[in-house]
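Asks: This is the structure I want to talk about, given as structure tokens.
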């Protein structure tokens, strides 16, 4: 479990017979030696406190992290524990938008003999499209497009760039919605508690936007909806946060491999048909860069300097490599958004410049094809 470094305590005092005033004004050789030993002991204890503070810090998947309460480096005295409200609000907003979408869809009013009758007809206006049309228990593609789904022609030729943001609030069905919202709660709550609503909110929105941009550059014949790009942005931010704050964590290798395994498994699911893996990749890349910029932490010895002797204080709030990563990430993020948006609104098809990239979103097998 995590523990804060304790303040250095003075050694046990011995009772000494009083000396004459003239003698006590100058230190005897034995008294001077005791003071030197006492000072050296304080330094050793301070060093041990710093090391103990580092070893007590956990990360997701770390063996010594102490369970769910140690997902992240526990806040020191200068940090505050944030009460999460943005992530719950985003969950409520997504559910509300889905309910409105189903109201607009109104399956009973638009019967389709080709696919069969509506599913869960007892919901009346809120019943789902036939399973042959939408196996995720949700609305029709026409309704999703009407509500703000991402479609390349609408964005580029219809000058509806707002779809790059509205699509991340829409979901194709109940199953799609539940999967994304449970993932958001599991990942987002802990991040918001550690870093606050502003930083996590910015990462969520910009990652979703970045995923939409990359999706539009590669996917032209489909409608894309969902918060998956924003969720992958949070995963990317977790990875870069671990890297940039590497020195304050324990069990670093285990945490890194666990996080990479989770990310790779989720990206691997994206090669299935009808899954927009370009949105996942775009969101992950944006979140990864934003983590270096927004989730940088001070050195432990800087945050606990009021509890440590001056010899143990850090000279700088952050380490040099953290500043270097911050600058590189900021430049790459600005350049990536600039190039991506220019290419998108000029109508460039990214597949013409990368002939193998379509395999990142769908790999054809004997069971399915990847046409369209």
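The backbone N, Cα and C atoms fix where each Cβ goes, glycine too.
Okay, these came from TrEMBL:
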- 1-59: region 'Disordered' (REGION)
- 1-17: compositional bias 'Basic residues' (COMPBIAS)
- 85-104: transmembrane segment (TRANSMEM)
- 159-295: domain 'Peptidase S54 rhomboid' (DOMAIN)
- 168-189: transmembrane segment (TRANSMEM)
- 201-219: transmembrane segment (TRANSMEM)
- 225-246: transmembrane segment (TRANSMEM)
- 253-272: transmembrane segment (TRANSMEM)
- 278-296: transmembrane segment (TRANSMEM)
- 323-345: transmembrane segment (TRANSMEM)
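In terms of burial and nearby residues, how do these features look in this structure?
Replies: For the domain 'Peptidase S54 rhomboid' (159-295), the DSSP counts in helix, strand and coil order read 107 helix, 1 strand, 29 coil.
Counting same-chain residues at least six beyond the ends of the transmembrane segment (168-189), those with a Cβ under 8 angstroms from any Cβ of the stretch are 84, 86-88, 90-91, 93-95, 97-98, 101, 128, 134-139, 144, 147-149, 200, 204, 208-209, 211-212, 225-231, 234-235, 238.
Long-range contacts of the transmembrane segment (225-246) within the same chain, counting only residues at least 6 positions beyond its ends with a Cβ under 8 Å from a Cβ of the stretch, are 59-60, 73, 90, 94, 144, 149-150, 167-172, 176, 180-181, 183-184, 187-188, 191, 200, 203-208, 210-212, 215, 252, 255-256, 259-260, 262-263, 266, 276, 279-292, 294-297, 321-322, 325-326, 329.
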Asks: Counting only residues 6+ away from its ends, which parts of the chain sit with a Cβ under 8 Å from the transmembrane segment (201-219)?
Replies: 86, 90, 150, 152, 155-156, 163-165, 167-168, 188, 227-230, 232-234, 236-237, 276, 278-287, 290-291, 294, 336-337, 340-341, 343-344, 348-351, 357-358, 361
Asks: Mind checking which residues of the chain, 6+ beyond the ends of the transmembrane segment (323-345), have their Cβ under 8 Å from one of its Cβ atoms?
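Replies: Sequence-distant neighbours of the transmembrane segment (323-345): 155-156, 161, 210, 213-214, 216-217, 240, 243-244, 285-286, 289-293, 296.
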